[in-house]
Amino acid sequence: MLGVAHRERLSVVQAYRFALDLTPRQERAVLAHAGAARVAHNWALARVKAVMDQRAAERTYGTPDEHLTPTIGWSLPALHRAWNAVKADVAPWWAECSKEAFNTGLDALARALTNWSDSRSGKRAGRRVGFPRFKSRRRSTPSVRFTTGAIRVEPDRRHVVLPRLGRLKLHESARKLARRLEAGTARILSATVRRGGGRWYVSFTCAVQRDAGVPARPDATVGVDLGVTHLAALSTGEVEPNPRHLDTAARRMRRLARRMSRGVGPDRRTGRRGSKRWKRARVRLGRAHARVAHLRRDGLHKLTTRLAAEYGTIVVEDLNVAGMLANRRLARRIADAGFAELRRQLAYKTGWSGGRLVVADRWYPSSKTCSGCGAVKTKLALSERTYTCTTCGLVLDRDVNAARNLAALAVTVAGSGPETRNGRGADRKTRPRGLVAVKRQPGTAKAANTGTVPPQGRTSNHELTYAS
Ligand SMILES: [Zn+2]
């Protein structure tokens, strides 16, 4: 096309999730499949444990290694072989369920075992991963994944077809996915049916071809600070309000949580089961939680789409997620949960739009620093909603001030060479590439600079480095 620059195509893995309206019969069929997944998982786990225990016992008798009970493979094909050999005895009803159901359970176990051994050997970073545990019928989330067979969206975009389960009605239109499937820019890799927040969902994992975008203002930078009373504050001075109905939903959630804590819950020591009222309150609370999460995620999606389409550089703060979960204040917890979501969405959306995401480290005092003169306050109570600078007299909304400091942080980033660009691609399990501020070793900062920040936002005890 004339006047339109050649656009790069990106191949990304993207999920589309839709709520389902299952009939009671379909729900029973899904639960049977989820149950089959659990049976296969638990059987294979018991087998793995038995072999491990047997070998450990034999070692204590001094049995030489070559005479120990042979190990069984932990890979998915090995678990499959073991399961297929015994399924007729362990699960005589196996033919009633799709083989994909057993595959769901065995695959989950294979991955859990790999994660555990990688974590133990230090190959896997992050928190220690425990040994896989048995899945309980009461506590585990029912879910089944299909990777082969008839998986499609019906032409009316209101129904989907899955192997064995047949034609399932969607609660919402699947037009976004259907359009891509019809245009040939998406291919379904797998479909997972899962219950969450008192509802059934189907999510399609797809290989999607996307046009690489270009932000409307590639040289513009925006800082984003997530709020509690509002959704977010931007360095441009805009304060993004919370989505509609979020406050009402959050109020309802608090009320239900209160009711539940007063009810007669289960007691492990006495073996008491929870009362009917308590169970009912728990279901309602689960639904209310899901609604609050959905409303907030929806608001974040609208915000992040808009930001990624407009700005070349977006700066957010890195927060201590483990520390945040310990926070007991509900409003704060909701905001914190939204924070991880904001970063996740921005990471892949800047990847799609060709923008850049900069993550400031969690020691960067974005709230306590004056965005006008760079003075740093030693204390700033959470209740202070307005930032008042005693040095230069600046008076600004607390969160807008923080957002401005974050935006200023990106200015110190040298140029916009390829290495400072956010890596393209949807898989964001690793840390987003780009710049992060890291704590400098103590003693390297000049004493005279301590406590002040130059206007560019480079603090005395911070410097910017590339995250790999
Ligand atoms: Zn100031």
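Cβ atoms are placed via backbone N, Cα and C, with glycine included.
If you look up TrEMBL, you'll see 270-279 marked as compositional bias 'Basic residues'. Non-local neighbours of the compositional bias 'Basic residues' (270-279) in the same chain are 260, 263-264; each lies 6+ residues outside the stretch with a CB under 8 Å from one of its CB atoms.
Taken from TrEMBL, the feature compositional bias 'Polar residues' applies to 447-468.
Per TrEMBL, domain 'Transposase putative helix-turn-helix' is recorded for 14-49. With a threshold of 8 Å between CB atoms, the same-chain residues lying at least 6 positions outside the domain 'Transposase putative helix-turn-helix' (14-49) that come near it are 72, 74, 79, 82-83, 86-87, 90-91, 94, 96-98, 100-106, 108-109, 113, 132-135, 137, 140, 142-144, 160, 164-166, 168-172, 174, 176-177, 186, 193, 199-206, 208, 426.
The domain 'Probable transposase IS891/IS1136/IS1341' annotation in TrEMBL covers 213-327. Summed and averaged per residue, pLDDT over the domain 'Probable transposase IS891/IS1136/IS1341' (213-327) gives 84.
Annotated domain 'Cas12f1-like TNB' per TrEMBL: 339-406, in sequence order.
The feature region 'Disordered' is assigned by TrEMBL to 259-279 (among others).
Annotated region 'Disordered' per TrEMBL: 417-468 (among others), in sequence order.
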Exercise for the section: Count up the helix, strand and coil residues in the compositional bias 'Basic residues' (270-279) according to DSSP, in that order. Expected result: 4 helix, 1 strand, 5 coil
